[in-house]
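A.B. asks: Here it is, the structure, as structure tokens.
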Amino acid sequence: MHQNIEKRAIIVAAVLGMVMALSGWLAYYLSGSEALLLDGNFSFIGVVATLAALKISSVKTQTSKTYPFGKFVFEATYSLFIGILTVGVIIAAVTENISKIMRYTRGETFPVVDASIILVYTIAMVVICFGLAFYFRAANRKLNGTSTILGAYTVQSGIDGLMSLGAGVTLVAFSTIDPAGEWGFLTQIGDALLVITLCALVLYQPIGLIRSSFIEMSGGALGDKVARDDIRTKILAQVPEDQVEDMFISKTGSAFLAVAFVSPEFFDAHSAAEQQKMRADVMAALTPSYPHLGFDFVMAPDVKS
């Protein structure tokens, strides 16, 4: 069921992502707005990445000698790639539009943006983008937020939606300005200023995606407090809390690892059969929400030695 939900969402992303990319490029061609070009480029990032996501979704649970615990690290690698690619597009867009502003200050003029189709484009893209973001978030919630791929898609769709909304509303407003008036410069470089502003507003999202993906790939502790507390609570419901000195929980893609550091008395007080039953009880409690989770007991290190 986990893979079916994820795969269905990825296919939806591929189809609608291509529609948005083509729409953005067509709107750029017809209107001349750099903001719509950026919008189309963001959409195309999602389409390109979907090819990898479909493959990862189908092979991540497969084991081999090289990947005895599955290929879940590919999910984190994918999200890292999406984050880096998105930052790259943002940097390229900012660089291009800063150059346009500098050329304008040196006396160069540019064609006025044609806003005749922007309003229709904006409404359509905002509905699609925010609809997709809501859909991906809802699908990931069904998986208890365990899908790194759907998390990446949620971020990407949100960025697309903000870009479309901000670009459309602002460009339509710019179209009402008198080119010969005090604010006439906005008819020349308004879209460039808009692109730079939007890029600054959304840059934190791909940076956050890169950070979380890097933590996953390097085996760091789980940053999702809700999931961390949920896993910890379910473990302590099956294991004597007074014998658990610490706990480590990490996530790689949609795979989780939980380790309970227990006191030496735990191994003295519980036979191998009792320990095995506790493991089974913990797994039974966690597997419905976290189907790809490993759990075990480890003796807590003696910090005094």
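Glycine is treated like the rest: Cβ placed from N, Cα and C.
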A.B. asks: From 157-177, 241-261, 262-282, which range did TrEMBL mark with transmembrane segment?
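C.D. replies: Feature transmembrane segment in TrEMBL: residues 157-177.
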A.B. asks: Would you mind listing the long-range same-chain contacts of the transmembrane segment (76-95), meaning Cβ under 8 Å and 6+ residues beyond its ends?
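C.D. replies: That would be 34, 38, 41-42, 45, 48-49, 52-53, 56, 148-149, 151-152, 156, 159, 195-196, 199, 202-203, 205-207, 209-210, 212-214, 216-217, 252-253.
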